[in-house]
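Below: the structure, in structure tokens.
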Amino acid sequence: MRPTPKVEIWKSPVPYLFGGLFLLVLLIALALLSLVCTHQKPSSSSNNNHMDEEDDVGDKDAKPITREYLPKIVVILAGDNKPTCLAVPVVVPPPTSIFRCNCDNVTVIST
């Protein structure tokens, strides 16, 4: 009778492949678990809602920001050593409708 040969499993790349895959899945699961555990849900208690209402009342009395306190933006043009323009942000109102039709301003180009 012949002796049975020993099978050395670690000479094959398969255990390393599955081991690495297992570690990767474990790492992803731990990351997701930590995200779920640290996610803060807003509390729905009546005490907190009452405090939020008081904060909203104070916001109505707030003064609008004057123009001198608005942030100024410096625009440096190419080739200039000093800033040449100061820009002030402008609030643009949203359009009244999503689809604007400029049918009156159609220009016909003849070829």
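Just so you know, glycine gets a Cβ as well, placed from its N, Cα and C.
Swiss-Prot lists 1-16 with the feature topological domain 'Extracellular'. Secondary structure by DSSP for the topological domain 'Extracellular' (1-16): 6 helix, 0 strand, 10 coil.
What Swiss-Prot records for 17-37 is transmembrane segment, and it gives sequence analysis as the kind of evidence. Sequence-distant contacts of the transmembrane segment (17-37) (same chain, at least 6 residues past either end, Cβ-Cβ under 8 Å): none.
For 38-111, the entry in Swiss-Prot reads topological domain 'Cytoplasmic', with the evidence type sequence analysis. The average pLDDT the prediction assigns to the topological domain 'Cytoplasmic' (38-111) is 61.
Taken from Swiss-Prot, the feature region 'Disordered' applies to 40-63.
Per Swiss-Prot, compositional bias 'Polar residues' is recorded for 40-49.
The annotation motif 'VIMAG' is assigned in Swiss-Prot to 75-79.
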